[in-house]
Amino acid sequence: PSVISRHGVAKSEDTSKPSPFHRDLWFYFTLQNWVLDFGRPIAMVRLVPASRASAGPSTLFNTSLCFQLIERSPKTLPRSMVYVSIITFVMGASIHLVGDSVNHRLIFSGYQHHLSVRENPIIKNLKPETLIDSFELLYYYDEYLGHSMWYIPFFLILFIYFTGCFTPVEEESRMPVAALLLMGPSSLYYWYLVTEGQIFILYIFTFFAMMALVMHQKRKGLVLDSNGLFLFYSFIITLLLIALWVVWLWNDKILRKKYPGVIYIPEPWAFYTLHMNNLHAAKESF
């Protein structure tokens, strides 16, 4: 049965039926992530004039899909938390897009992502030198403030949704073929999100919280449904991809200098400007 709240109709958490696999929703989620999030900066650099700002349709689609995910959750989610998360998500994504509009255009001028702001040759030559502080402030807004306001609500919404993906019926704890096909692209995107966004701590805490919840619910005789399995296994594969990425670049001295400290996870764009850009330049010289 349903219960009426001041926010409208809410589903009963105890008697709600487990949802079937949201094939359409996860497909559109994966498609928009790859096309509008991963593909957007590439398109902006290659196709759009440097004087134009980065378009941000990914924010609109991502917000819409997050709402769809929440609406399909078999568990009643706190509306106030949902609204605050979505608003913060939109604000963070907007800040990130503003930073991207400048940072990715700097590639035209020779900006190298594997170097810090002050170590970049084009930044060193700025006059007056106080302009360097402005670029460092832009980097902070893009890479720290924008990413935090974008990714924390996003992972929070995923986890809240995950809390409702449990069922007492063993037969419903299976993934259809569509889930298996989408798991690879989805996991690869989460790898890109974690490495490029430098949000490994946020990701690993979310993953540990998922594991703890799975073990807690197992004591109650509950198992993950197909949507929960899809999310959980996608996060596991993501962790394996991150481990392979780190092992592959473990002895890269230049990237080690850019990413000091205990957690060493290079950004794909830094790898690109360090190795792939030089490779393309060498081919063009021939």
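Every residue number used here counts from 1 along the chain in the order it is shown.
Even glycines carry a Cβ here, placed using N, Cα and C.
Unlike curated entries, TrEMBL annotations are predicted automatically.
Among the ranges 81-99, 176-194, the stretch that TrEMBL annotates as transmembrane segment is 81-99. Remote same-chain partners of the transmembrane segment (199-216), defined as residues 6 or more beyond its termini with a Cβ less than 8 Å from a stretch Cβ, comprise 147, 151-152, 155, 158-159, 162-163, 190, 193, 224, 231-232, 235-236, 238-239, 242, 263, 265. Listed as Cβ neighbours of the transmembrane segment (228-250) (distance under 8 Å, sequence separation of 6 or more from its ends, same chain) are residues 21, 26, 158, 161-162, 165-166, 173-175, 179, 182-184, 186-188, 190-191, 194-195, 200, 203-204, 206-207, 210, 214, 264-266, 271.
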